[in-house]
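Structure first, then comments.
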Amino acid sequence: MANLDTQFQEFYGELQITVTKKQALITSHNNLRTKIQKYFAKNHPEYVPSFYIQGSYKMGTTIRTRDDECDLDDGCYFIPKPEVKGITLQNWVMDAVNGTVGATPVHKNKCIRVNYAAGYHIDLPVYRKERCNDNTEHPELAVRDGEYELSDPREIVQWFNSKKKDNPVLIRLVSYLKSWCDTVRGFMPPGLAMTILASKYQKKHEGRDDIALRDTLKSIRTALQANFSCVVPGTPYDDLFESYDSNRQEKFMSELNGFIEDADRAVNEKNKLKASKLWKKHLGNRFHLAPDENDAEMSKLDKLRDIGNKVLTGIATTAHNGYIHAAEGVKNVSHRNYGNE
């Protein structure tokens, strides 16, 4: 089995946001917070916004896409509840961020998205809540095409934090799966779905991220074959796959099967270059090709198997120094140790 753990560790590094972009992202999100606070202080002083970073950035699973883009979710909370419609609250936040230098705000259904020319975007979902320190009360998310709906992103973060505790490989597995979805795109599930599936069905293999990923993919497939669903572990506990029609479901499962087939071939391939090409096919161009060489451990195993076969067939010889399967030496006695009958 070609051990490509080194290539996987390098690949994980390639998926990380650069220091420069991370600094720009944080600076931009701080500037947006300031703009929103100033807007409400001037135009709606009865409402004071507070903020909470959520989503993949909070969980530590953000990746750079193949287009070198990334994002950050910054929840905008109003406590106590403003007695206005959800779209009104969204419109006010939209007004607050309009005119941001180097950026274009977009009013989406469940957030205000600020797209930056520098290659990242910041989502501003808007919430309201009656009491600040009441953990039994779930926030209400403003929806453009509706009113409000219960949504508690903190529960998702807390759930994932419990899964990743003393389990750093989980973050890497989530990143690999998100890169797979980013490579294929189209009908593939969102990053949150892959985060949930990896967390629920993770398989571990110490020191071998390639095997851990292969086995986790198989575990996910088994679960989805039994029940094609992905329930969010937080209020409102919705199923991310509920809207998938049979065509999209079949396409995703076909892609999953193809990935597993190639992952099996890669793990069992002794040539590192050939194995890395199989992984690269699904994980994208940032997965580095390995040297064109056979795995040392697999070569040793092949030699041992060869010696074993010659011992079993009675054609092995032993050299004067004790090495079996020498070019010259004393012919071995036929093997008769077949265990207890």
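Quick reminder: no glycine exception, Cβ is built from N, Cα and C everywhere.
Asp71 (active site) is surrounded by 19 other CB atoms, counting those within 10 A of its CB over all protein chains shown. In this structure, Asp71 (active site) is part of a beta strand by DSSP. Residues or ranges marked as active site by Swiss-Prot on the basis of a curator's inference: Asp71 (among others).
Asp73 (active site) is surrounded by 21 other CB atoms, counting those within 10 A of its CB over all protein chains shown. If you look up Swiss-Prot, you'll see Asp73 (among others) marked as active site, on the strength of a curator's inference.
Summarising the annotation, Swiss-Prot assigns active site to Asp123 (among others). Remark: Asp123 (active site) has Gly55, Asp71, Leu72, Asp73, Asp74, Lys108, Cys111, Ile112, Arg113, Val114 as non-local neighbours, by Cβ distance under 8 Å and separation of at least 6 in sequence.
The Mg(2+) binding site annotation in Swiss-Prot covers Asp73, Asp123.
Taken from Swiss-Prot, the feature ATP 2 binding site applies to Asn109. DSSP assigns Asn109 (ATP 2 binding site) to coil in the three-state reduction, placing it in neither a helix nor a strand. For Asn109 (ATP 2 binding site), other Cβ atoms within 10 Å of its Cβ number 11.
Secondary structure at Gln54 (site 'Important for nucleotide discrimination'), taken from DSSP and collapsed to helix, strand or coil, is strand. Positions annotated as site 'Important for nucleotide discrimination' by Swiss-Prot: Gln54.
Of the recorded residues, Asn109 (ATP 2 binding site) and Gln54 (site 'Important for nucleotide discrimination') place their C-alpha atoms 18 Å from one another.
Secondary structure at Asp123 (active site), taken from DSSP and collapsed to helix, strand or coil, is strand.
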